[in-house]
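The domain 'ABC transmembrane type-1' annotation in Swiss-Prot covers 87-302, and the record cites sequence analysis as its basis. Taken from Swiss-Prot, the feature topological domain 'Cytoplasmic' applies to 1-25, 114-122, 176-187, 305-313. Taken from Swiss-Prot, the feature topological domain 'Periplasmic' applies to 47-92, 144-154, 209-230, 274-283, supported by a curator's inference. According to Swiss-Prot, the transmembrane segment annotation covers 26-46, 93-113, 123-143, 155-175, 188-208, 231-251, 253-273, 284-304.
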Amino acid sequence: MAMNVLQSPSRPGLGKVSGFFWHNPGLGLFLLLLGPLMWFGIVYFGSLLTLLWQGFYTFDDFTMSVTPELTLANIRALFNPANYDIILRTLTMAVAVTIASAILAFPMAWYMARYTSGKMKAFFYIAVMLPMWASYIVKAYAWTLLLAKDGVAQWFLQHLGLEPLLTAFLTLPAVGGNTLSTSGLGRFLVFLYIWLPFMILPVQAALERLPPSLLQASADLGARPRQTFRYVVLPLAIPGIAAGSIFTFSLTLGDFIVPQLVGPPGYFIGNMVYSQQGAIGNMPMAAAFTLVPIILIALYLAFVKRLGAFDAL
């Protein structure tokens with residue numbers, strides 16, 4: 001039986017183009033990435049550099065206007081005692097939240113990686129990620145109610161008989177306040193709750209790659225559990241901890257909503273940027289303040305890169 005074979009019409013022009021890109025794969029890759037690179041370079045880096053450049057403009061306090069006269073006054077103003085306190089306050093909170101997140105995340109990540117599987121592991125994944133599905137502002141407002149005077153936290157401590165300890169703790173000048181919701185401790189707890197999942201998941205992924213044979217070999221060689229943790233587990237988990245710390249450190253450093261809702265009076269860097277740009281209209285000073293977290297995060301990324309953080313992302 002005869003069969004009719006349908007042949008597509010020849011397209012010599014298309015074949016030449018295809019052959020050209022076949023012999024020049026680098027050009028094809030360049031054209032493929034040209035659109036995303038232009039978007040990333042113009043929209044992201046272009047707007048960022050424009051913002052930073054405005055940090056050298058002049059702001060007239062009398063007319064409340066910005067003039068393109070270049071000056072270093074805004075950069076020098078960052079080293080004023082009041083602005084220096086804002087930077088130090090923000091940096092201290094970011095470091096404290098990062099360290100506490102690593103300490104709290106490690107046991108849960110270890111249990112998820114070594115002792116769960118199947119449905120139980122899926123349950124833990126959902127439990128860790130579930131708070132991330134809720135609105136950020138809703139979570140922050142919810143914590144203001146939990147930590148308020150006569151709130152759930154105070155009621156719980158009363159029933160445990162720990163209210164005198166809380167009262168004594170709130171009298172401390174650095175972390176205390178009238179209530180938990182107006183204390184530095186309360187602000188720290190809210191930051192810790194919101195950013196903790198960003199630490200748990202990278203640490204769990206790093207521990208998941210830890211071969212059980214290494215733990216068995218360490219035990220066979222006579223190492224105690226403490227020695228195994230120090231010389232085997234911890235070095236292999238450091239890239240995951242460093243990867244998680246990128247999120248906790250940078251997100252705390254740039255946050256302005258939690259410091260506005262919870263904690264004692266006192267600006268963070270994000271609050272200062274919002275205040276200078278939104279309330280006062282001093283865009284040069286706001287741009288100068290944005291330079292601070294950029295430099296701090298760049299230095300931190302250079303540090304954690306040496307710890308293998310990018311390999312664990």
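Including glycine, each Cβ sits where the backbone N, Cα and C put it.
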Secondary structure split (DSSP) over the topological domain 'Periplasmic' (47-92) reads 25 helix, 6 strand, 15 coil
Long-range Cβ contacts under 8 Å made by the transmembrane segment (123-143), restricted to residues 6 or more beyond its ends, are 108, 111-112, 116, 181, 186, 189-190, 193-194, 197, 200-201, 257-258, 261-262
Does the transmembrane segment (188-208) reach the transmembrane segment (26-46), going by 3 or more CB pairs under 8 Å (6 or more apart in sequence)?
no
Using a Cβ distance cut-off of under 8 Å, indicate which of 26-46, 155-175, 284-304 has the most pairs with the transmembrane segment (231-251).
284-304
Roughly where does the topological domain 'Periplasmic' (144-154) sit in mean pLDDT, to the nearest integer?
84
Tertiary contacts of the topological domain 'Periplasmic' (144-154), defined by C-beta under 8 angstroms and 6+ residue spacing from its ends, are 163, 166, 178-181, 186, 189-190, 261-262
Take the topological domain 'Cytoplasmic' (176-187) and count its residues per DSSP category (helix H/G/I, strand E/B, coil), listing them in that order.
7 helix, 0 strand, 5 coil
Tally of DSSP helical, extended and coil residues in the topological domain 'Cytoplasmic' (114-122)
6 helix, 0 strand, 3 coil
Could you give me three numbers for the topological domain 'Periplasmic' (274-283), the DSSP helix, strand and coil residue counts?
8 helix, 0 strand, 2 coil
In the same chain, residues at least 6 away from the ends of the topological domain 'Periplasmic' (274-283) whose Cβ sits under 8 Å of its Cβ atoms read 54, 57, 59, 64, 66, 256, 267, 289
Same-chain residues at least 6 beyond the ends of the topological domain 'Cytoplasmic' (114-122) with a Cβ under 8 Å from one of its Cβ atoms are 207
Tally the residues of the topological domain 'Periplasmic' (209-230) by DSSP class, grouping H, G and I as helix, E and B as strand, and everything else as coil.
15 helix, 0 strand, 7 coil
